[in-house]
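Copied over from TrEMBL, here are the features:
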- 103-117: compositional bias 'Low complexity' (COMPBIAS)
- 17-92: domain 'Lipoyl-binding' (DOMAIN)
- 133-170: domain 'Peripheral subunit-binding (PSBD)' (DOMAIN)
- 94-140: region 'Disordered' (REGION)
- 1-18: signal peptide (SIGNAL)
Amino acid sequence: MILGSMHVLAFTAAPSLSLVSLAQTGEGIKECELVQWFVSEGDTIEAFDRLCEIQSDKATLEITSSLSGKVVKLHFEAGAMVQVGENLVSIETDEEAGDGDSDAGPAPSAASPAAHSSPEDPAPPSATPSRVLTSPAVRHLARQHSLDLAQVRASGPGGRLTKADVQAHLDSLSAAATSTVAADVAAAVPTTEAAAVRQAVPEQRGTGGDAAAGRIPAAGAGTTAGAGGGTTTVPLRGFRKAMVKSMAAAGAVPHFHFCEEVQMDALVALRALLRTEAVLGGAKLTYMPFFIKACWELGAAALALEQFPLVNSSLSPDQASILQHGAKNIGIAVATAHGLAVPNIKNVESKSIVEIAAELARLQAAAAANQLRPEDIRGGTFTLSNIGTVGGTYATPLVNPPEVAIMALGKMQSVPRFAPDGRSVVPQSILNISLGADHRVVDGAMLAGFAQAWRRYVEIPGKLLLEMR
């Protein structure tokens, strides 16, 4: 899931009560879970103070206020599901009229991944820098991104620049080649009340619930008594809900599987040598960074790139074309107490093994703490799943749509094998790998060829190091 934050903007004709409501930001997102409140009724808050944390099936997000005031009412209890458009909190404020429109956008994360697609041409400026009409919150967002507001196209009334405009511009600069997420994330929520409406837009949030005058309690697990004991109903939330959707989509994919074994002795020795060096910057050097680099160091070799570009692709939504992605964003399946998460490491073809190890550690820690950011999840092009951590050897992995290929890594074992002379038997470190692919895009010969090329890089890590860039 994903961690970010949102600022809420609205306007009031006079000092009044402002309502913070939930707005849709992602396609198909209708509801989210209110994980926790950071404020209580009666609290006095300042602009950019945290209000609450919410979670959808893809991300976890903190919502912040854009105004100072007093928290009058919390409309939901922690754990409740909130539907898009429903009010979260009422804030009493003395501020005068603001933007004149209701918009919101995620605040920038502390370390956004590098862009992995060519940015679109910047929109022509709507006004000179000194004449840009916008709010302090929008200027604050622009400063955090070192963004020149004059380069952003304004869509608000009278040429006013809204937060949605800024977010759309940022999205256009950093959108993944596979991303079809809409750039505009703000949506006005109409209200029949005299109070102004503020929309808090979480990066990928939404959930259902009826607006009510009183605080709406959380919908907990239910238990139904039966002859053989109670049956507990556990709502699907967060990662688990995302897994249901992903596996339902994977079930419609015709799969082809291929298995191989990899001799690990050379890589075992290399890792042992490198672990003694003081160049890792505190990163833990496991085998996974080598596996990740081996996957897409193939892209550095002209022949391999010509042979296997479809492994790093996706099928268009209308199934009329294949989208070959330039970015190599490797997803890593991470089992957590909240369910299975698949964050991805962006642009591994341009990262060193040490950089990959550090990013892998960050993603694993964020997943365990349920603090993955939206950009950590979006844009994956290939997935690795380490089933060896639970003792598995072979598997039949399912692709993570819209990706078309996945590799499961089994448990490394010391097993007897014939020596090169063919007479003596020696122990060797063997790793079993299992690949799954969308057979509509990747045929059997291509998947086998990719597996053999990957195996050569792992078995001869010097080859990997020679071609690394």
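Just so you know, glycine gets a Cβ as well, placed from its N, Cα and C.
DSSP assignment over the domain 'Peripheral subunit-binding (PSBD)' (133-170) gives 23 helix, 2 strand, 13 coil. The DSSP breakdown of the domain 'Lipoyl-binding' (17-92) into helical (H, G, I), extended (E, B) and coil residues amounts to 0 helix, 42 strand, 34 coil. Over the domain 'Lipoyl-binding' (17-92), the average per-residue pLDDT in this prediction is 82.
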